[in-house]
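*Asks:* Here TrEMBL flags 24-139, 897-948 as region 'Disordered'. Residues annotated as compositional bias 'Low complexity' in TrEMBL: 58-73, 99-114. As annotated by TrEMBL, compositional bias 'Polar residues' applies to 120-136. The annotation domain 'Amino acid permease N-terminal' is assigned in TrEMBL to 143-196. Annotation source TrEMBL lists transmembrane segment at 228-247, 259-288, 308-329, 350-369, 375-398, 427-445, 457-476, 593-612, 618-639, 651-669. Annotated domain 'Amino acid permease/ SLC12A' per TrEMBL: 231-733, in sequence order. Annotation source TrEMBL lists domain 'SLC12A transporter C-terminal' at 742-1159.
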Amino acid sequence: MSATSSAPPAPADSAAAEYDFLAPDAGLKPAGPTPSQSRFQVDIVTEAAGAAEDRSPSSDASTTAPSSDKATPAAPPDVPDPGAGGEEAKGRFRVVNFADPSGAGSPASPDAAPMEGFQNGDTVMSETSLHSSTGGQHHYHYDTHTNTYYLRTFGHNTIDAVPNIDFYRQTAAPLGEKLIRPTLSELHDELDKEPFEDGFANGDELTPAEEAAAKEAAESKGVVKFGWIKGVLVRCMLNIWGVMLFIRMSWIVGQAGIALSCLIVAMATVVTTITGLSTSAIATNGFVRGGGAYYLISRSLGPEFGGAIGLIFAFANAVAVAMYVVGFAETVVELLAGVDAIMTDEINDIRIIGTITVILLLGISVAGMEWEAKAQIFLLIVLITAIINYFIGTFITIESKKSMGFFGYHADIMWENMGPDFRQETFFSVFAIFFPAATGILAGANISGDLADPQLAIPRGTLLAIVITGIVYLGVAVSTGSCIVRDASGNTNDTVSSQFMNYTDSAYKMGYDFSACKSDGTCRFGLQNDFQVMSLVSGFGPIITAGIFSATLSSALASLVSAPKVFQALCKDNIYPGLSMFAKGYGKNNEPLRGYILTFGIALAFILIAQLNIIAPIISNFFLASYALINFSVFHASLANSPGWRPSFKYYNMWVSLAGAVLCCVVMFVINWWAALLTNVIVLSLFIYVSYKKPDVNWGSSTQALTYHQALTHTLQLSGVEDHIKNFRPQCLVMTGYPNSRPALLDLVHSFTKNVGLMICGHIRMGYRRPNFKELASDQARYQRWLLKSENKAFYTPVYAEDMRQGTQYLLQAAGLGRLKPNTLVLGFKNDWRDGDMMNVETYITMIHDAFDSQFGAVILRLKEGLDVSHIQGQDELLSSQEKSSGMKDVIVSIDTSKDSDADSSKPSSKATSLQNSPAIQKDDDDDGKAPTQPLLKKDKKSPTIPLNVSDQRLLEASQQFTKKQGKGTVDVWWLFDDGGLTLLIPYLLTNKKRWKDCKIRVFIGGKINRIDHDRRAMATLLSKFRIDFSDITVLGDINTKPKKEHVAAFEEMIEPYRLKEDDMEQEAAESLKNSEPWRITDNELELYRAKTNRQIRLNELLKEHSSTANLIVMSLPLARKGAVSSTLYMAWLEALSNDLPPIILVRGNHQSVLTFYS
């Protein structure tokens, strides 16, 4: 296929070589694009080229090498494409070709033979190029779903791709490979941008686990995969038909009777059926990998539940191996005892036989899944033969068996055995004994990674196995109850005498009298007494023994395979970092050999105990806990109403699943209450551990979906309720810039908003000729992650704007959601306001005015050392230390060469690019996060650190002061003006926090000298009504005293450069200068506000006198009337008021009450 370009025809000698580059190598597929390499090249098609193209068909196949900026020569003139470019040439761009990353290729002319796999389809062809120049005799068909990147779509030359399953793959798979659809940037961005600069489209970078899975899938050619019969049905039936079927079912019928036995089987089947339906729903909601119950639960409910269940489920399967092997060994020892062939004693014989058996089973398992599957098929055949043998035997009545209680089918026996006859048992104790026989429904799901189509196999095989085994259990219950009496002596002489007839007992009607052994409890046969009664009934007894062997060995084998597979999946996800060594697989089937050895060790340890009566109920409870969580997963996912919950298996119901989860929990306590409690404690402990460790995974769990659903619902509910004073919370828009650049501002505001109110870190980015919104979005995600890792409960919201004021207005108007909107603007004090452009001061003061116009409160924090630490070398390591210690793969590095003002939220005030101080991120090379992390902005970490100067050292220490415990000190509140109470509320919230709880609140108010006691009592009454504790109230009667002359002179000297001095120039010139420099202070304005100026100077003197040792000063922010007071004079007031003091925050609420003393 060819495409049109405006490149001029090339010399013949280079044309052929370039033309060879058009077609990719059939055996190679391009990997993820890199910034320096593009999948396709686009050239502008000018009008002149379009005209030339109509005349010259030889220019329509040129292409560009991915590493070159210039167009390559055109293809040879023998490429036929008559008139291909005329329709779209003018003023358009057109795809030229797809680059081959390998640099290899082969000719791709339509006359060339199509390559295997690519079908000569890796270039974009126009309609007419499908016909050769010989009159259209040859037709070349191009499939739009071959293994290529983009092909012709609807007959147009376009790189837009048609829907394709390969675009939606997470990893390479045996059925196809992951392709990357064209990104929005490739289709939408202007042509001067470098395509693919963002790497993978739509954030589809592979996680380490996915990369491992891709590698595993690529290597897994010729892997043995099972269908639904061999993989699921056979395994589940073998696991469910345990030893209970042969040696306990008849005893259960004897105790509970036919009716209650059927009820017990039905109850167990209901629980397993609901769980089976839930398992089917989860298994059909997307591709299922290996890991069985762990994979299903973890991908649905998240790693916390999945990690907890995965560990105990794997352990339960390992111990279950021991249970089944001991069951087998006990049967063998009984047979040996029958022929007097005991080796040592019973316990040691069980240990010897059990050890030999588990070694043989391990050998079968390690030999591979294929051998294990063959062994399971053989065991199933034996088991089914034994069951058929039993049912045949029930119809064959032999006289010698009658004395043992077997009379064949008879209505009297059936009626007599219909009701219960509990002997030292209860209904629930009998149910607890039977229920483990119904478990095993996850045997197929546990090897989900070895199934050819888990989505089809798991529902079909599991549910069919539950139905078949349930019917057989019911059949055995009814048949044993219908042909065997409860008690028999085994003595052929116990026939009915003619002198005494008692027709109340069915055995009498059959001619036998077992009343003697019944009365003294010596009956050795019958349903109640003989566990081996099914061997008695069967047509050929040894086949039942073989069935018992088959049931125990098959269950042991299934558990021996399940435990390592589940454990391997758990370790691959690195939920428990110390267990990662067990993730490694061997051979073409990725067999977990280390897991097999571990399982063998656990099983052997419990086999050597040889007493499993205590551990057995715990295992049943472990299985039930996983069943309960599978059911709960379906309920939870349905409740979250996530669009991603779309199981193709439709026969489930969220409420039925919830009922199933509750039933599983009830059954846990019915079976064994202490084991149920122990199971819950273990699950909860593991859940807390995994939650604390916070594994770095994101599986889109239903927990995440439900959190979103609840947050959305509650936010909407909140929006429908009017605000009330009692519920007022300071919701702060904090102008931090990058959150790690002003740590003191972030820490202080976080101290009084944590778990109380909303905190948004606003960042205005300016000075960009063309805003890079992708970079903005990635920064937003990156810094939000940093805030979470550093345990700051805040949101990071960056915006692009032409200047600070516009950006602040954007944030004031648009930040937040519903009632979760900021109501207080928090700024850092502009320490360097006298340096640089005074228009920055104008902008800064205007931001405060805009906040008041928007009915916001305003808070300004000043530290005498400053706030901005981003210019300090090495600060990047300090600020990202939390992330490094928590094993985070992204490390934030803030590199800035120029110190900007503390208030300039956009950092590059000199119109520098954002690279100057944006964090540079690079993924670690290995999955452990142990590889050294290098920033993209190279900074030689081996070079000696430049020692900090004294001011930077102080700044660094000051920036960390709010992270430390404050100790015994004071928070001085200078509540001079009533702003609604915000000036008082902030210090109250602050002193409630752990770091500040030892600090006492001291309140300072203005008053008259002759009313000081009255004013103090009035304030004390008000504070007590507000229920705010305070240590002292000081009434200042000398606020209006004139400040010291030297302080007034210093103020005059400070503002001197900024005065307009209109009296010394023409009026017109003065007006012109004021218009161009609105920050200038007029003489009239200075005289008009002389008293207010003196008050600020005087207050600074009082602050130094009373609060010089305070941990924090909270001061009423003086107001300046908009349009009347110039920005420089207002800034000078703030400077004079807060100069040379401990940390001080200037606060002014929006004059709406935020405190109330009403209940």
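Backbone N, Cα and C define each Cβ position, glycine as well.
Please go over these features one by one and say how buried each is and what sits next to it.
*Replies:* Within the same chain, residues 272, 324, 327, 331, 373, 376-377, 379-380, 383, 386-387, 433-434, 436-441, 443-445, 447, 450-453, 456-458, 460-462, 464-466, 468-469, 472-473, 476, 531-532, 534-535, 544, 547-548, 550-552, 554-555, 558-559 sit at least 6 positions outside the transmembrane segment (228-247) and bring their C-beta atoms closer than 8 Å to a C-beta of that stretch.
Same-chain residues lying 6 or more positions outside the transmembrane segment (259-288) and placing a CB less than 8 Å from one of its CB atoms are 240, 252-253, 295-296, 299-300, 418-420, 427, 430-431, 434-435, 437-439, 441-442, 445, 448, 451, 454-455, 458-459, 462-463, 466, 470, 473-474, 477-478, 481, 627, 630-631, 633-634, 637, 644-649, 651-652, 656-657, 659-660, 663-664, 667.
With a cut-off of 8 Å between Cβ atoms, the residues of this chain six or more beyond the transmembrane segment (350-369) that come close are 224, 226, 321-322, 325-326, 328-330, 332-333, 343-344, 375, 447, 450, 553, 556-557, 560-561, 587, 589, 591, 593, 596, 600, 603-604, 607-608, 610.
Cβ atoms under 8 Å from those of the transmembrane segment (457-476) belong to residues 226-229, 231-233, 235-237, 240-241, 245, 249-250, 262, 265-266, 269, 272-273, 276-277, 279-280, 283-284, 288, 387, 390-391, 437-438, 441-442, 444-445, 448, 451, 534, 649 of the same chain, restricted to positions at least 6 beyond its ends.
Sequence-distant contacts of the transmembrane segment (593-612), counting only residues of its own chain at least 6 positions beyond either end whose CB sits under 8 Å from a CB of the stretch, comprise 315, 317-319, 321-323, 325-326, 329, 347, 350-351, 354-355, 358-359, 362, 365-366, 560, 563-565, 567-568, 571, 581-582, 584-586.
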*Asks:* State the residues, same chain only, that lie 6 or more residues beyond the ends of the transmembrane segment (375-398) and have a CB under 8 A from a CB inside it; answer 'none' if no residue qualifies.
*Replies:* 230, 234-235, 237-238, 241, 245-246, 364, 406-409, 472, 475-476, 479, 483, 534, 537-540, 543-544, 546-551, 553-554, 557-558
